[in-house]
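> Could you have a look at this structure, given as structure tokens, before my questions?
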Amino acid sequence: MSTIKKLYIKTWGCQMNEYDSSKMADLLESTHGYQLTDVAEDADILLLNTCSIREKAQEKVFHQLGRWKNFKDNKPDIIIGVGGCVASQEGEYIRQRAQCVDIIFGPQTLHRLPEMINQVKGTKSPVVDISFPEIEKFDRLPEPRAEGPSAFVSIMEGCNKYCSFCVVPYTRGEEVSRPCDDILFEIAQLAAQGVREVNLLGQNVNAYRGETFDGQICSFAELLRLVAAIDGIDRIRFTTSHPIEFTDDIIAVYEDTPELVSFLHLPVQSGSDRILTLMKRNHTALEYKSIIRKLRKARPDILISSDFIIGFPGETQDDFEKTMKLIADVNFDMSFSFIYSARPGTPAADLPDDVSEEEKKQRLYLLQQRINQQAMNYSRAMLNSVQRILVEGPSRKNVMELSGRTENNRVVNFEGTPDMIGKFVDVEIVDVYANSLRGKVVRTEDQMDLRIHESPESVIARTRKEDELGVGVYQP
């Protein structure tokens with residue numbers, strides 16, 4: 001009698017890593033029958049998908065591997081793998097320092113995991129593959145599997161911008177776009193499984209230039225319109241973008257494509273032109289604000305979020321005040337803001353880290369307080385309004401209630417019935433909290449005038465006619 005083989009994946013970092021981890025799980029289930037478990041001690045394979053953005057990323061990895069080594073001491077056949085950006089950076093060093101590790105793979109080689117596992121089982125020797133094969137991994141992954149009404153789809157990998165503080169070009173490689181038709185086919189498959197909202201992923205999605213079936217190049221703006229035309233997809237989100245390639249043709253999509261949500265994450269990092277130059281961002285604060293003005297002209301109700309790095313080398317009080325002014329001018333809704341810490345191998349790591357930790361913490365506190373206040377103002381403005389939300393499932397606050405997300409990315413908790421999950425409902429916002437809203441259902445999807453979704457099979461069945469010889473003829 002065969003026992004079920006179990007897989008445990010621990011994921012740190014961005015949505016791209018979350019997406020990669022889900023693909024690893026699907027891949028190893030299809031090739032080896034591994035079933036995901038939430039209990040590391042029960043697993044036959046332990047995979048750590050790492051992120052190198054935060055300070056002391058390496059030590060965090062080795063600390064986790066130290067715990068997993070104890071499992072391997074008790075169960076020698078366990079296979080331990082390390083992937084992600086720290087694996088790309090540290091490769092052989094991980095093997096030297098943590099000899100319990102069997103497999104080391106990068107973000108672009110996760111599709112080779114089945115072969116690596118077989119090799120480790122056969123030879124009992126470790127495998128390291130942190131190469132950058134162009135986009136090959138998407139050709140080797142199993143068909144997508146929906147896990148709710150919202151799904152992530154990777155459209156490109158890597159980044160060519162080489163900001164002075166960032167490790168992404170070194171850990172994920174330079175920009176490579178997936179073929180347009182592959183993306184559209186994956187999204188159509190997800191839509192057929194009930195996905196209503198798709199989030200397009202990439203380190204710099206607005207640099208997307210994917211090849212079409214006839215050898216032409218599809219821009220990001222064109223891709224957005226093509227995705228919006230897929231039957232069943234009612235909402236489109238994307239992350240992350242770089243200001244220097246947020247072009248007018250992308251902004252124009254906000255004017256004529258209602259499926260594209262009124263929420264945008266557009267990182268600026270600093271409001272000081274001097275610091276932006278040191279960061280090698282290749283744009284000014286004024287140019288950033290110009291993009292926002294155009295966006296708000298195209299979509300007046302759009303909300304903007306951003307990334308900010310606090311205490312970058314050389315940042316003065318005047319530089320910080322310029323960042324605070326930009327925050328007020330743009331009126332950001334939310335931010336991902338962090339104290340600067342040098343990433344090994346980046347140009348900024350050679351700059352003197354001359355802002356004290358105390359000053360960094362104080363500036364971060366002031367920045368986050370300002371943005372939290374602005375976010376609360378936006379939330380209060382939604383009080384008593386009716387918002388359309390996509391119901392994602394039970395609420396985290398109360399499993400007897402449901403939770404969904406507004407178009408502008410607000411979480412709403414409300415009383416509802418299980419049949420609402422995966423559908424849209426209109427709710428009146430009746431209360432406002434720091435990180436969520438409370439709503440009351442006023443309209444279900446059945447009462448909305450939404451476009452009718454039909455599968456290709458249903459269209460054929462409805463339009464099929466046979467001639468006198470019994471040959472099927474289809475007349476849409």
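Keep in mind that glycine also has a Cβ here, set from the backbone N, Cα and C atoms.
Okay, so Swiss-Prot annotates it like this:
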- 5-122: domain 'MTTase N-terminal' (DOMAIN)
- Cys14, Cys51, Cys85: [4Fe-4S] cluster 1 binding site (BINDING)
- 145-377: domain 'Radical SAM core' (DOMAIN)
- Cys159, Cys163, Cys166: [4Fe-4S] cluster 2 binding site (BINDING)
- 380-443: domain 'TRAM' (DOMAIN)
> Hey, for the [4Fe-4S] cluster 2 site built from Cys159, Cys163, Cys166, who else sits with CB inside 8 A of the CB center?
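Apart from the listed residues, the neighbours are Lys161, Tyr162, Phe165, Val167, Val168, Pro169, Gln203.
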> Among the binding-site residues listed here, Cys14, Cys166, which has the most company in the form of other Cβ atoms within 10 Å of its Cβ?
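Going through Cys14, Cys166 one by one, the largest Cβ count within 10 Å is at Cys166.
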> Which residues in the same chain, at least 6 apart in sequence, have a Cβ under 8 Å from the Cβ of Cys51 ([4Fe-4S] cluster 1 binding site)?
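Sequence-distant Cβ neighbours: Trp12, Gly13, Cys14, Asn17, Ala57, Gly84, Cys85, Val86.
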> Secondary structure at Cys14 ([4Fe-4S] cluster 1 binding site) (DSSP, helix/strand/coil)?
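DSSP call for Cys14 ([4Fe-4S] cluster 1 binding site): coil, neither helix nor strand.
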> For Cys85 ([4Fe-4S] cluster 1 binding site), what is the secondary structure by DSSP, using just helix, strand and coil?
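In three-state terms, Cys85 ([4Fe-4S] cluster 1 binding site) counts as helix.
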> When you average the Cβ positions of Cys14, Cys51, Cys85 for the [4Fe-4S] cluster 1 site, which other residues in that chain have a Cβ within 8 Å of that mean position?
Trp12, Gly13, Met16, Asn17, Thr50, Ser52, Ile53, Gly84, Thr171
> Given the binding-site residues Cys85, Cys159, Cys163, and counting only Cβ atoms in the protein chains shown, which has the most within 10 Å of its Cβ?
Cys85
> Tally of helix, strand and coil residues over the domain 'MTTase N-terminal' (5-122) according to DSSP?
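Result for the domain 'MTTase N-terminal' (5-122), in helix, strand, coil order: 65 helix, 23 strand, 30 coil.
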